[in-house]
Each structure stands twice: as C-alpha cells, then as structure tokens.
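J.: Below, the features straight out of TrEMBL:
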- A:24-463: domain 'Amidase' (DOMAIN)
- A:77: active site, charge relay system (ACT_SITE)
- A:152: active site, charge relay system (ACT_SITE)
- A:176: active site, acyl-ester intermediate (ACT_SITE)
C-alpha cells in the first residue's frame, strides 16, 4: 500500500485534513525508491537532502496559497537541466556535469510547489526506445523485470508505474514519452510542438523535441501539463498561444466526437492483442456518443526514413557542442586541439549516439544533402499534409501506441532496424508536430498496452477530454504491477 | 545509391570530429549502408514542387529591446571546466 495510489486531488485532501504532511509525502517517495529501485533501476541521481528541506518549508505555506500540485513529488528525465543536481543525459560525456541554471520547466515545477526528488534514466541523449542505450544502467519494466520499460523516457514511465513517484517529466522526439507510457501502463502526453518551453532541455532534434508529463491518471496529467506550458522568452520556438485550464475540460462528455482510425495504424506488424484492445476502446467511445470512421494516412510508411535522416541531422549539429572544453568529459590522450575534440567525443559518446552523429553528418554533407536531408524535409511536408487533411473532418485520430507490449531486455538490440520499427506508430506525430496521448487500454501476457489519441495543433484539451471519458468507463489505469505491494 | 566506403566513413568521422578505429570504420560503413538503403525508399515519392518543412509551425522572429542584461558570474561559467588558469579555459596547443 502506498498513498501514491491516490490522485493529487485526494492527496491535497489528505494534506488539508492533517492525515499527511508534505514531508511525509516526500519521505514516501524516497522510501519506495530505496525499496524498489534496486529492481527497477530508474533513478540516476537523488535530490534527498534538498527535497527533504524543501518539503519542510512547503509544509509551512498556508493552504489557501497552494495550487493543485503543491507538495507533490516529481522525478525529472535526465536530459532536463537542474541547477546543482547532476545531469548526464545518461551519457559518459556528461558524467559529473553540474548545470549552472534550471530549465524553464524546472522553475515552473518550483512555482507550482512541486518537489523534485531525482533524475531519471533514459537512452543516451534520448536515442533509443528501450533504455538499454543508457551508459549507466538498464531500467526494468515494473510489470516484468526481464522486459524493457520502453524509451527513451523509460525510467520516467517506470518510476510512475512502480509508485516511486506520482509524477514525472519525459521528452518525446519520436515517441519517447508515449511508447514507454504504453509499455509501463501509465498516462503519457506529448504536447504540440511549441506548447512547452525547451529551454534547458538538452537538444536531440530541435524541430521535433517536446517535453511532456507522465502520470497514473488523466486528471493529474492535465494538471501537470497546464503547470509547465506557455511561451518563454528563452525559447524562440515556444508558442505564444494561451494555456487553457485543461482539467476544466474533463467532464466525460464526448457526444458527437468524430474519431478517425487510419487503416495504416491497424495493419501489418501490429499485434493481434494491440489491435483488439484498440477496437474494444473504440466500442467504449462509440457507446459514449462518438462516431468512428476509417481514414488513410498514405505517407505513414515514409515517416521512419524521414525521421531518421532529420533527427540524426539535427542531432549531429546539436551534439557538436560536446567538445571536451567548456564542460563534460575531456580526453587526456590528446596532443593538440583537433585531437582533443576527436578523442573526447570518441571516448565520451556511446555507439548509438556515434552512429546517429555519423548518419546526420553524412546526410548534411556536400553531395548527399539534396538526396537525403532535403528529400526527408519534403517527405515531412507530405506527412504533415496527411494529418492536416484528416483533421479537416475529424476531431481526433486513434490507434495503438505501440504494435506490441514491452519486449524482453536484449531481444532486439543487435538489429538497429528492428529497434527503429518499434517507433512506427509514434514518429509521424512528431513530424507533423501534433499532440498525442497514450493511456492504458489492456494487457497481453500481463504486460500493458497503450491507446494513442492524436489531436489537432494546440488541442490537447480534446485529447484530455477523450482520454478522461475512456478512463472513467474502464479500469485499466487502476491496475498496478505486483511489486507495487512492497512491504 | 552506391554503398558507403570505408574511406567515406573516415571522411565523415573527421567532419563530425570523431576519432574512429579501422574496425569502427568497417562497422559504420556496413550499418550506415543499411540505414541509407532503407532511406532510399523516399525516392519513391514524387516531391516535385513540394516545399521542404523544417518546422511545423510558422516561426516568427522573436525580438526584444537591445538592453544590457546581467550575464552569468565567472565562477558559474567555469564550474564544469576541466582545465583553467586565472579565469581562462586552457586547451592543448592549436598549432604544432
């Protein structure tokens, strides 16, 4: 039993009634991490001393000055910089790196009165979909410790699924919030590109990256997104679009909602159980007054190739900042400056990161630019147009988040193409820049499956409305893995 | 499209400022070859007159008044620097 079974609204009641204090809530997070994280391996760094002091301070704040997330413990993906708390992106090249400022969203968490308990493991520089690409440890899926939690925000999803923290932040470049949320049976939102400031998010692919919340239920997810959203003078790509009160949209009413189901999303390669869970979910939504029609997103099959070229090209540029000079790992084997760059990067980056830097540099180099990079950007235009066209006539697009439940650790790692194929349902969404949420919708072999709901630019409100209506009429989000009941 | 040669891989590694061994050059040549083969499928698309998309949202220049603001203090800037002397960052010799 843990109080993290409760929603934040219930926890606020417990704080008000005096049944709990913020100090106790914070202690519960660290106690559970101590008991469970030996198995789950989600955290890279803990913020125990500061969090404990902060909690005691927050307990003194009068209730009328507190918002809905006040005092709630949260874990933060390790590619989001936190001043004074080691941030590594799960890479050796940033071992020991101490950020000298907070990401904008970390400031926003503080403004909301949330307590950052630690930093969460990931695939190195968010490149991967299993957490096996971390330079430090492989996070396990709380539902079955021999399976991956997904990635790259695998530990962000695993920590919430294990009840170590009720909230976490992840980042999503090609599915990195939604796929782990599906694999771990939790709620994960990738907001519209530009919805959340990226200032202080260590960049992987700047035109695709977006930070988003992971929680155990839809309401808490909506509250956290509202807290971190909004334009930021430090991020010129953050959008100056008003932030709605997302939680106010959660009334369970989806009468007249028009749902599109792309035939490409239920086609070849998608497992029977995943397919069936989506069809069952559509029945639930129809029963609530929604209409469902089949559509086509004809350029979906090109998304993966376009994504790998564009994201690797952007990454090769972004990761050039790691030069061994101003911060990060510095080789001791270099005789001159050029060698210092080359050796520091060769010794500091892992294999997958090097492969993508190489692919990106190749795609951008003279003689290949038009054939790869420009062609991929044109493919992106066509993919985005597919989505624009569907959204002319429909409110949301629904499909599975992933074609299968979590795979076994080590199952696919030798074949990069197999790992890439795992992303096929999530990647086009980043290329189109639209928002999408994954919510629990079933199980296969006791491993969770995820339902993906995709929306129009800046229409997270509708996604939450649909997700909430579904959640109220099913019980998948109340299930917990066996290790939840730790003594 | 032609396969990627080991020499090409070495050239790209130099552009990317990555030291690689002979073994790695061979491995990357094979892996990058596979990935670019896969990317060849984009050639099926007719992209005549299709504008490339670099950003999904219409981006506008963000401007502000040109007024001086406090920068970061030196000790913060130097916090993660491995080699330094009197507030300067040290690097190995640039010229032989």
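A Cβ is built for glycine as well, from the same backbone N, Cα and C atoms used for every other residue.
Help me picture where these features are in the structure shown.
T.: Here the Cβ of residue A:77 (active site, charge relay system) has 30 other Cβ atoms within 10 Å, regardless of which shown protein chain they belong to. In three-state terms derived from DSSP, residue A:77 (active site, charge relay system) belongs to an extended strand segment.
In sequence order, A:122, A:123, A:126, A:127, A:128, A:129, A:131, A:133, A:170, A:171, A:173, A:176, A:180 constitute the residues six or more apart from residue A:152 (active site, charge relay system) in its chain with CB-CB distances below 8 Å.
There are 36 other Cβ atoms within 10 Å of the Cβ belonging to residue A:176 (active site, acyl-ester intermediate).
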J.: What mean pLDDT score does the domain 'Amidase' (A:24-463) have in the model?
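T.: Here the mean pLDDT over the domain 'Amidase' (A:24-463) amounts to 95.
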